[in-house]
Amino acid sequence: MGNFVCIEISGDQMLDRIIRCLCGKGYIRNLEKNLRALQREMEDLRATQHEVQNKVAREESRHQQRLEAVQVWLDRVNSIDIECKDLLSVSPVELQKLCLCGLCSKYVCSSYKYGKRVFLLLEEVTKLKSEGNFDEVSQPPPRSEVEERPTQPTIGQEEMLKKAWNRLMEDGVGIMGLHGMGGVGKTTLFKKIHNKFAETGGTFDIVIWIVVSQGAKLSKLQEDIAEKLHLCDDLWKNKNESDKATDIHRVLKGKRFVLMLDDIWEKVDLEAIGIPYPSEVNKCKVAFTTRDQKVCGQMGDHKPMQVKCLEPEDAWELFKNKVGDNTLRSDPVIVGLAREVAQKCRGLPLALSCIGETMASKTMVQEWEHAIDVLTRSAAEFSDMQNKILPILKYSYDSLEDEHIKSCFLYCALFPEDDKIDTKTLINKWICEGFIGEDQVIKRARNKGYEMLGTLIRANLLTNDRGFVKWHVVMHDVVREMALWIASDFGKQKENYVVRARVGLHEIPKVKDWGAVRRMSLMMNEIEEITCESKCSELTTLFLQSNQLKNLSGEFIRYMQKLVVLDLSHNPDFNELPEQISGLVSLQYLDLSWTRIEQLPVGLKELKKLIFLNLCFTERLCSISGISRLLSLRWLSLRESNVHGDASVLKELQQLENLQDLRITESAELISLDQRLAKLISVLRIEGFLQKPFDLSFLASMENLYGLLVENSYFSEINIKCRESETESSYLHINPKIPCFTNLTGLIIMKCHSMKDLTWILFAPNLVNLDIRDSREVGEIINKEKAINLTSIITPFQKLERLFLYGLPKLESIYWSPLPFPLLSNIVVKYCPKLRKLPLNATSVPLVEEFEIRMDPPEQENELEWEDEDTKNRFLPSIKPLVRRLKIHYSGMGFLNVKNQNPRFFFYCFIYLLVVHLDCIIDLHSDTSGMCCVVHLDYVFHFPFVFPKTFCILFRLHFYTIKSLCV
């Protein structure tokens with residue numbers, strides 16, 4: 001039989017429990033009423049929750065931080081809401097259990113428990129609703145904890161730090177890039193910016209510092225950022241990149257953050273990482289450093305800031321700090337030597353620091369002299385150069401994607417230290433060396449060359465001076481040493497590149513193995529003769545320009561069958577090529593400009609591959625007989641030579657079927673007789689034309705013309721006629737949508753004394769440089785009456801970068817009203833006493849900080865009339881001195897060594913202007929040695945337009961001029 005359990009309960013207890021169940025809190029009796037109340041109160045609570053959430057969102061958009069009590073309340077509401085939905089979802093079933101008009105239940109215990117839950121939840125909802133009336137829902141965020149990054153004291157970066165910080169803090173700037181060459185101090189400056197966030201307090205919620213470096217992967221960047229955000233646990237690491245990006249975005253989207261990316265080499269995809277894009281709404285910031293300016297544009301910063309090398313005095317201060325006072329004071333001679341060593345670093349902080357630390361303990365004068373010798377002769381051999389400096393710079397070289405671009409970069413090391421390299425000449429040589437490809441069209445190849453040049457500039461491997469971008473580039477001396485180090489196979493094959501440019505050589509250097517030499521540069525020395533025999537069977541490039549060469553031995557070039565580029569220019573006493581020139585069967589580039597060559601050798605016709613031949617300024621060359629045999633010739637310059645466009649020249653040139661670019665002087669006959677050749681002319685000088693009126697219509701057919709000089713021509717009016725629908729019309733009525741001179745970028749008008757205006761230049765819409773000088777009747781540049789029908793269609797000077805006005809005594813107006821000058825960087829006005837107003841208003845020039853006005857005499861500045869006060873305030877600071885003081889040392893060899901008192905001054909001139917301006921001499925005396933005379937003169941700050949030639953080191957002057965100076 002089964003077991004029985006007996007529980008004894010008194011009747012009074014049972015009755016008491018039943019009464020409490022039915023009558024106490026009324027969990028069963030009031031269930032239906034409580035459910036209705038709960039539903040109503042919950043709706044009110046949700047409305048209150050929505051209001052609080054809206055308040056919080058508004059405050060957080062202002063970068064306020066929600067109160068912790070508010071967040072707790074919102075969390076409780078969310079929890080209660082879920083519980084309420086659960087209870088209400090089963091309410092129909094629970095109500096069916098009631099009986100006796102809701103006073104009792106068929107399932108008393110079950111209904112009692114449910115009713116109790118409803119009652120308690122109703123109390124909680126009512127309480128939460130009353131607590132939701134917050135006076136404040138947010139507070140200012142606490143000061144962000146930015147851990148300062150260790151950094152050494154800096155010298156010379158204070159101004160750059162201020163500019164970079166101010167720009168980053170601008171409301172409209174969300175992304176800012178700093179670019180500059182390796183070792184220039186970008187990371188140091190970046191650390192200073194980072195540490196300023198620690199000083200300024202809680203403007204931002206979080207500042208994230210990430211070192212990217214070359215080859216960094218997306219996953220690595222996400223992991224580094226996640227660590228800063230405390231996301232990087234084991235679970236997070238196992239997520240894919242997309243989910244990681246979602247997590248990063250979720251954390252950062254509610255924060256005002258700063259992301260600092262140091263040393264990026266390519267575009268960083270912020271979206272793929274999960275970084276909310278900075279905007280004026282979220283006020284977040286992304287800053288980065290890079291060596292490549294191209295990356296700045298890819299990242300969205302189209303006005304990046306360049307970190308440049310230190311100015312000389314700042315560089316000296318940094319170097320002194322590294323060397324130490326004890327060493328500098330150990331011998332009075334050492335200070336001067338130390339300055340020389342510091343100058344070798346050219347303001348590069350990396351080199352200044354490393355070399356300064358190396359020299360810190362060296363107290364013997366001989367040690368410093370040895371350092372100067374090594375840094376001058378072969379800096380790569382200097383202690384620590386190959387370990388601490390060159391490898392860091394080499395990263396920029398390694399990042400170049402194209403092997404041809406790398407070759408172009410190494411090629412620039414053939415030029416002297418701190419040399420201003422002419423870009424046109426450089427690119428022409430690149431074309432012949434095969435760096436630019438196989439394109440047979442010179443214009444396309446040249447454009448490709450400029451693209452490659454731009455790549456090197458953006459990579460900060462080359463630099464350019466503001467205002468001279470199109471003409472010259474510079475390779476930093478330490479970067480040049482890196483290039484030579486690479487070219488010599490990191491010092492293992494030093495005779496690959498024999499570069500002894502501008503080092504004072506009087507004869508060619510001794511080479512152990514001529515057969516190993518690939519490229520040789522002996523330019524800018526004092527070599528007079530090369531008579532030795534050399535078996536340079538592998539030589540492809542030979543630079544001998546700017547020497548005092550008189551004789552080039554045929555034996556020296558006999559074995560140079562692979563020679564591609566030969567530059568003999570600027571040897572004023574060189575008058576004859578050896579017949580062995582015919583053996584240079586691979587030669588593609590030959591430059592004989594500025595020599596005294598009298599005739600072309602018979603053997604020249606054997607140079608079947610010759611593409612470029614430069615014979616400009618060969619004043620003794622009377623004939624180009626035989627040049628027609630150079631069937632591959634594509635580029636020929638006869639400018640300022642003694643060869644003119646007569647019938648014999650025309651016959652020779654007509655047979656050059658591949659010729660694409662011709663530069664010649666006084667060739668009206670050539671232009672009229674052969675339209676094909678006329679179309680090839682790119683630079684033209686016209687002198688002594690006496691037509692009245694002067695008809696420029698024949699120039700309209702010269703599709704390739706970009707440089708024009710009109711000199712000593714007497715005419716009062718210029719006519720331009722174009723054919724349109726078989727009808728000739730004057731230049732005032734031709735279709736301005738089809739300008740006559742679409743390619744003309746440089747124009748010089750000189751000594752045209754009957755010319756009154758230059759209104760015709762309206763039909764040269766791409767004019768970049770305009771130079772008008774010594775024309776006494778010019779009263780206005782654009783005549784309003786002549787141009788009135790055109791100015792509604794044509795806006796003049798939209799491509800103009802430089803305007804030079806000199807010796808125009810009647811000039812009163814450039815243009816009658818203010819004009820926009822989107823590209824103008826320089827206006828030079830000298831001896832134009834009646835010019836009182838420039839065509840400028842406050843909005844004419846977009847970048848006034850890069851704009852200069854130079855006037856002489858200086859008092860004319862005070863007589864200028866301005867459009868309004870805003871215009872005056874904007875441009876008055878742009879007015880700079882015009883006259884520069886030069887010191888010239890004459891060595892008696894037909895050259896003048898020019899030393900500018902301002903080392904940053906970049907001096908240009910035309911050879912035929914030198915004598916004109918020597919009336920500016922203010923002092924003349926012999927130097928202390930008695931070996932040369934010293935000339936002080938004031939020279940106009942001048943820009944090269946159509947016929948630019950750099951005379952940074954040497955000026956060639958006629959001997960009779962020098963003799964007259966020495967009297």
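Any Cβ shown, glycine's included, is placed from N, Cα and C.
Taken from Swiss-Prot, the feature coiled coil covers 20-68, and the record attributes it to sequence analysis. Annotation source Swiss-Prot lists region 'Disordered' at 132-153. The domain 'NB-ARC' annotation in Swiss-Prot covers 138-441. Feature annotation from Swiss-Prot assigns ATP binding site to GLY180, MET181, GLY182, GLY183, VAL184, GLY185, LYS186, THR187; the stated evidence is sequence analysis. Annotation source Swiss-Prot lists repeat 'LRR 1' at 516-537. Taken from Swiss-Prot, the feature repeat 'LRR 2' covers 538-559. According to Swiss-Prot, the repeat 'LRR 3' annotation covers 562-585. Under the heading repeat 'LRR 4', Swiss-Prot lists 586-608. Residues or ranges marked as repeat 'LRR 5' in Swiss-Prot: 609-631.
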For GLY180 (ATP binding site), what residues in its own chain, 6 or more apart in sequence, show a Cβ-Cβ distance under 8 Å?
LYS186, THR289, ARG291, GLN306, VAL307, LYS308, ASN460
Reported in the order helix, strand, coil, what are the DSSP residue counts of the repeat 'LRR 4' (586-608)?
5 helix, 3 strand, 15 coil
Give the number of CB atoms, excluding that of VAL184 (ATP binding site) itself, located within 10 Å of its CB.
24
So if I draw a 10 Å sphere around the Cβ of GLY183 (ATP binding site), how many other Cβ atoms end up inside it?
26
Averaged over the domain 'NB-ARC' (138-441), the pLDDT of the predicted model comes to 91
Beyond the site residues GLY180, MET181, GLY182, GLY183, VAL184, GLY185, LYS186, THR187: chain residues whose C-beta lies within 8 Å of the centroid, for ATP:
ARG291, VAL307, LEU348, PRO349, LEU350
Long-range same-chain neighbours of MET181 (ATP binding site), Cβ under 8 Å, sequence gap at least 6?
ARG291, CYS309, LEU348, LEU393, SER396, ASN460, LEU461, THR463, HIS476, VAL479
Residues near GLY182 (ATP binding site) by Cβ (under 8 Å) yet at least 6 apart in sequence within the same chain, in sequence order, are ARG291, LEU350, ILE392, LEU393, TYR395, SER396, ASN460
Across all protein chains in the structure, which of the binding-site residues GLY185, LYS186 has the highest Cβ count within 10 Å?
GLY185
For THR187 (ATP binding site): intrachain residues, at least 6 apart, with Cβ closer than 8 Å
ASP262, ASP263, THR289
